[in-house]
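Peer 1: Next up is a structure, given as structure tokens.
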């Protein structure tokens, strides 16, 4: 952010003492750190945008007028992703930008510690995911099935499930029969829904010749023999398909995570270096 205010003088450093006591090279390094140790201002704006989208979505669903409804949804509310990511981006962007621009060591230390905690959590999650692969698979299966039950309860969750099944060409957690957990799609005799023994349209195989999505293509799909099911719907589960996608794109995924980790380490080191420079100059006053 400091790079967007090239004429602004540093708030805490006194040029006459800083240059005399520490030398021009150290002061130049400190100014360079100011320009490079913080996330650019668009991270603040992006964080605010994510928060705004999340709050707008909750307002459209009536959550803001009835806060207790947050816990009513049985499955995962995708709006939480926007709120959490937006909140973290805004906090980091604010602490890093303002801390470096105003040479506020408290904000810079907060930025460094907060970023360090995020890095540690990411590293821990990666190690645990590798060590406890079977447990992670079981939790993913439980998570998907829990959201299958709540498929019709929230439009955002419904869109997320539909996107996942269409993208990975899958149906349910481990197969189409997982949709028997949903009250609208189960095959019990007491189910009067037209969707009984069916699956959502996102489970249907796509016909390239069709321009319009047939939302009724999954009706009665699970009443057909398995051989016939494979013609009209995806029969593979989303958990195995996700594993296959991860194996096929392991290099890209690993590269992205390593790149993010290096950027986080770089930000922590530069923030700490700037704090050291500021404290060294202030100690010489």
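Positions of Cβ are set from backbone N, Cα and C atoms, glycine also.
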Peer 1: Taking 228-251, 252-275 as the choices, which stretch does TrEMBL tie to transmembrane segment?
Peer 2: 252-275
Peer 1: In terms of Cβ proximity under 8 Å, which residues at least six beyond the ends of the transmembrane segment (113-132) contact it?
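Peer 2: Contacts of the transmembrane segment (113-132) (Cβ under 8 Å, skipping residues fewer than 6 from its ends): 88, 91-92, 95, 257, 260-261, 264-265, 267-268, 271.
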Peer 1: What does the structure give for the C-alpha distance between residue 203 (disulfide bond) and residue 187 (disulfide bond)? Integer Å is fine.
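Peer 2: Computed Cα spacing between residue 203 (disulfide bond) and residue 187 (disulfide bond) is 17 Å.
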